[in-house]
Amino acid sequence: MGIREFPGGAPGGKSIAIGMRRSPDVSPRRLSDISPQLRQLKYLVVDEAIKEDLKWSRSVEDLTSGPVGLTSIEERILRITGYYGYQPWAASYKREERPRDPPGPAEAQAPVGTDTGGRPSPRCWRCSQAQLKKIFWGVAVVLCVCSSWAGATQLAKLTFRKFDAPFTLTWFATNWNFLFFPLYYAGHACKSAEKQSVKQRYRECCRFFGDNGLTLKVFFTKAAPFGVLWTLTNYLYLHAIKKINTTDVSVLFCCNKAFVFLLSWIVLRDRFMGVRIVAAILAIAGIVMMTYADGFHSHSVIGIALVVGSASVSALYKVLFKLLLGSAKFGEAALFLSILGVFNILFITCIPVILYFTKVEYWSSFDDIPWGNLCGFSVLLLTFNIVLNFGIAVTYPTLMSLGIVLSVPVNAVVDRYTSKIVFNGVRVIAMVIIGLGFLLLLLPEEWDVWLMKLLTRLKVRKKEEAAEGGADLGSGPQNKGGRARPSFAR
């Protein structure tokens, strides 16, 4: 069934018709002009095999013809009677010169996804193998995200026992962002069929910032604000670890996804979803309950405020990135994160120096600095960001988000044996509520449509099974003459 374009008909100068061409010398406008054809409508019988083609063709033409996208009743009758040469049943039989024979016993009894020999078809096997591979990589990514995030949190808590300098630790770990683009290019050189030089790849990734590339103006207007937000997010998170236990910090940071939804709904005008509003309410309720679990002590309230502020700044970073820069490819994201590392080295280095000389973050000698803990924390944080940004290439984004919420029970187990945390009923309920809200936020936007389709399919399947059972019962008994009773399907 071909698609033809011809002038006239639509406001844009073109109209599209499917499988038909309007005769130029005949153009009836009244039903009386086709009264013989109308009398033959009651004898019009359309084969079941081409009803779907007729329905599809009519619906497409209805949407594409006419100034308002709808066709009049007269136009429909003209098409149905074949006045314009529109005969989808004839086109159907042109594609198939003879009707297909009914399937034989071997074909009828073969299950879906198997050939006539009963073996799985190669296409089905390839699809299932690709899905299994993606799920396997998803499990690996989840474990990597969970272990790196929980490990970085616990190692930061351990570092503060000997090195009480959260901003210096933030600055030191952020400097490692410079390695993002070199690591990306190493992977590109190993995997890509068309290898490019570092300069060529850099210029291609710089197009993300505009036609002029990465200029000084772009650096200060599009990169510097995100560098400040990045540093502020990590500093507030690390400073909160000093005040409260790592379990509370990790579970409260999961509210970040609820804040992202609220800001996206307000700033980006994203689609409103009632289930996500419920998730945001659960997150806020979990924050209040977590504060109540510690009895509203000053240090716990400050720590909870710090981690909630970190989650809020992180949400602002993500929403502004989507608003100002849009979506980035892997190379562009790697270059952007490396630029954040360069910004940190050039413009943030002065702050740890000032804090040291003002003795806000002071250490007696450089030999007392636990370099192993600092480097280990930086490596784990770098691993977490690499997997979180580039793991989408091998698995589903939802699985990567699950790694963050799974780090909460890991931190809880570690805190249970290394600190004096008390898991009372209020704290456990707050953790469950925040975790539930986080999982609700992972639902896709069309989850309700998918659920309705699933329920509809289940209802149709039950009706088909009931109809098959009734047909079997109707064909079983025989009359006294030995002949089976005919069954008439309505």
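Quick reminder: no glycine exception, Cβ is built from N, Cα and C everywhere.
No curator has checked TrEMBL annotations; they are predicted automatically.
Fair warning: this is a prediction, and the values are worked out from it, not measured in the lab.
Summarising the annotation, TrEMBL assigns compositional bias 'Basic and acidic residues' to 22-31.
Among the features that TrEMBL reports, domain 'EamA' is placed at 137-291.
Summarising the annotation, TrEMBL assigns region 'Disordered' to 1-31 (among others).
What TrEMBL records for 95-121 (among others) is region 'Disordered'.
According to TrEMBL, the region 'Disordered' annotation covers 465-490 (among others).
Distant neighbours of the transmembrane segment (135-156): 169, 238, 241, 246, 249-250, 373, 376-377, 380-381, 383-384, 387-388, 391, 394-396, 399-400, 402-404, 406-407, 410-411, 414; these residues of the same chain sit at least 6 beyond its ends, with a Cβ under 8 Å from one of its Cβ atoms. What TrEMBL lists as transmembrane segment is 135-156 (among others).
The transmembrane segment annotation in TrEMBL covers 176-193 (among others). With a threshold of 8 Å between CB atoms, the same-chain residues lying at least 6 positions outside the transmembrane segment (176-193) that come near it are 201-202, 205, 330-331, 333-335, 337-338, 340-342, 344-345, 378-379, 381-382, 385-386, 390.
Per TrEMBL, the feature transmembrane segment maps to 214-237 (among others).
Annotation source TrEMBL lists transmembrane segment at 249-268 (among others). Beyond its flanks by at least six residues, the transmembrane segment (249-268) meets 149-150, 153, 237, 240-241, 276, 279-280, 282-284, 286-287, 290, 303-304, 307-308, 310-312, 314-316, 318-319, 322-323, 401, 404-405, 407-408, 411, 430-431, 434-435, 437-438, 441-442 of its own chain at Cβ-Cβ distances under 8 Å.
Per TrEMBL, the feature transmembrane segment maps to 275-293 (among others). Only residues 6 or more beyond the boundaries of the transmembrane segment (275-293), in the same chain, are considered here, and those with a CB under 8 A from a CB of the stretch are 248, 251-252, 254-255, 257-259, 261-262, 265, 300-301, 304, 308, 424, 426-427, 429-431, 433-434, 436-438, 440-441, 443, 447.
Residues 225-226, 229-230, 232-234, 236-237, 239-240, 242-244, 248-249, 252-257, 259-260, 262-264, 267-268, 287, 290-291 of the same chain lie 6+ residues outside the transmembrane segment (299-321) yet bring a C-beta within less than 8 angstroms of a C-beta in it. Summarising the annotation, TrEMBL assigns transmembrane segment to 299-321 (among others).
Counting same-chain residues at least six beyond the ends of the transmembrane segment (333-357), those with a Cβ under 8 angstroms from any Cβ of the stretch are 165, 167-168, 171, 174-185, 202, 205-206, 208, 214, 219, 223-224, 226-227, 230-231, 325, 363, 385, 389-390. Residues or ranges marked as transmembrane segment in TrEMBL: 333-357 (among others).
Annotation comment: TrEMBL describes 394-414 (among others) as transmembrane segment. If you look at the transmembrane segment (394-414), the same-chain residues 6 or more away from its ends with a CB under 8 A from one of its CBs are 134-135, 137-139, 141-147, 149-150, 153-154, 246-247, 249-251, 253-254, 257, 387-388, 421, 423, 431, 435, 438-439, 442.
Residues or ranges marked as transmembrane segment in TrEMBL: 426-443 (among others).
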